[in-house]
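**Student:** The structure follows.
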Ligand SMILES: Nc1ncnc2c1ncn2[C@@H]1O[C@H](COP(=O)(O)OP(=O)(O)O)[C@@H](O)[C@H]1O
Ligand SMILES: Cc1ncc(C[n+]2csc(CCOP(=O)(O)OP(=O)(O)O)c2C)c(N)n1
Ligand SMILES: [Mg+2]
Ligand SMILES: [Mg+2]
Ligand SMILES: [Mg+2]
């Protein structure tokens, strides 16, 4: 662990400015110009609090933290990557309510030996992730501390629509998904095994590992599809952060239904991950099984899982991957082609 009095790292590059070389004001003066502005901002960062327009009369609010060595490693993820991931994780939660993200606040706990450029990169990464939806960063907080922690809170506008909750799935509804499935888990596995390097997922990289490693470092959530799903009458929705089976299970329990996934509909995603499994040295059946496990249990792709009435036209970006059935005698749960899936349960921070 590090503190502001620890010796400088031996390999400190010539002229590198660390967080502990600056005052809070000096660090913020580097960060503020990098933050995205947005239409909903009435008063941005710099005062005791920000003021954000909520034309709908209601606002959506959600928060998520990223913790070093739990959600990211600095030797794999740049500040830009962590900023983009922290923003997307929150923007996806707003989108999963059928809302348009408007304003974020970003709080950082930073050890003193972190380069100031890493914190500036984080602001750039947040800005890059916010750009497609026009969301602003309107404030945040800074603290020193032993562990690097990034906490983001995001707000959103329902624009007059009803929120799309987890509990609204009804028997007969179509289960659909927008976004990628399993790529982040595949990228994490490749990095963890040393079968790929962070450079393989850098912006613009085009090698065979690029989709997986970039999918882990900077997941791309289908944010516009969330608003489209709300407008199209989605009955339930959530973003897939902990794995398709685990998150579909949350929807099934909240709605009191069975979510039955269609293995054939998931097959293209599985095929798309088999090359990553082979890069880990797996062959044949073992590679196919690993790819299926990533699709069903991999987290952090932040795709949107939604249910729609059978009569609804699926909005752009969604593909059907199953149906909602009456809860069986066994209770609300997720099945794959009608049977209990054989693969792992997905991510839980406390091992459950
Ligand atoms: N420490 C907490 N205090 C209050 N509510 C919490 C806390 N942690 C999580 N929640 C709430 O529990 C629910 C599930 O959280 P989580 O699994 O983190 O959702 P998500 O995967 O969408 O981020 C959310 O509604 C969240 O707001
Ligand atoms: C270094 C590292 N190890 C493991 C993981 C995998 N991982 C960490 S948290 C997580 C689940 C999603 O994070 P969580 O904090 O549960 O987000 P939320 O569900 O609240 O959106 C996964 C798959 C990772 N991203 N990075
Ligand atoms: Mg959360
Ligand atoms: Mg969520
Ligand atoms: Mg989670």
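Note that Cβ sites are derived from N, Cα and C of the backbone, with glycine treated the same way.
Any TrEMBL annotation is an automated prediction that lacks curation.
So TrEMBL has the following annotated:
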BINDING   48, 62, 93  Mg(2+) 4 binding site
BINDING   48, 93, 239  Mg(2+) 3 binding site
BINDING   63, 64, 141  Mg(2+) 1 binding site
BINDING   64, 93  Mg(2+) 2 binding site
BINDING   71, 300, 347  substrate binding site
BINDING   140, 141, 166, 241  ATP binding site
BINDING   242  Mg(2+) 5 binding site
DOMAIN    46-156  domain 'PurM-like N-terminal'
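Help me picture where these features are in the structure shown.
**Tutor:** Counting every protein chain shown, 20 other Cβ atoms lie within 10 Å of the Cβ of residue 62 (Mg(2+) 4 binding site).
Cβ environment of residue 93 (Mg(2+) 4 binding site): 62, 64, 154, 239 lie under 8 Å away, each six or more residues apart in the same chain.
The C-beta environment of residue 63 (Mg(2+) 1 binding site), restricted to residues of the same chain at least 6 apart in sequence and closer than 8 Å, consists of 90, 151, 152, 153, 154.
Counting every protein chain shown, the number of other Cβ atoms lying within 10 Å of the Cβ of residue 347 (substrate binding site) is 15. Under the DSSP three-state reduction, residue 347 (substrate binding site) is assigned to coil, being neither helix nor strand.
On its own chain, residue 140 (ATP binding site) has 45, 105, 106, 107, 108 as residues at least 6 apart in sequence with a Cβ closer than 8 Å to its own Cβ.
Non-local contacts of residue 242 (Mg(2+) 5 binding site) by the CB criterion (under 8 A, 6+ apart in sequence, same chain) comprise 299, 346, 347, 348. Under the three-state DSSP scheme, residue 242 (Mg(2+) 5 binding site) falls in the coil class.
Residues in the domain 'PurM-like N-terminal' (46-156) partition by DSSP class (helix H, G, I; strand E, B; coil) as 35 helix, 42 strand, 34 coil.
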**Student:** Under 6 Å from ligand 4 by C-beta, which of these binding-site residues make it: 63, 241, 242? Sequence order, please.
**Tutor:** 241
**Student:** Just to be sure I understand the contacts, which binding-site residues have a Cβ under 6 angstroms from any atom of ligand 5? Candidates are 48, 63, 241, 242.
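**Tutor:** So the answer is 241, 242.
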**Student:** Spatially speaking, which of the binding-site residues 48, 141, 241 is closest to residue 71 (substrate binding site)? Use C-alpha to C-alpha, please.
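**Tutor:** For residue 71 (substrate binding site), the spatially nearest of the binding-site residues is 241.
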**Student:** Among the binding-site residues 166, 241, 300, whose Cα is within 10 A of the Cα of residue 141 (Mg(2+) 1 binding site)?
**Tutor:** none
**Student:** Looking at the binding-site residues 48, 166, 241, which has the shortest Cα distance to residue 300 (substrate binding site)?
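**Tutor:** Out of the listed candidates, the nearest Cα belongs to 241.
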**Student:** Taking the Cβ of residue 300 (substrate binding site) as centre, how many other Cβ atoms lie within 10 Å?
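**Tutor:** Looking across every protein chain shown, the total is 23.
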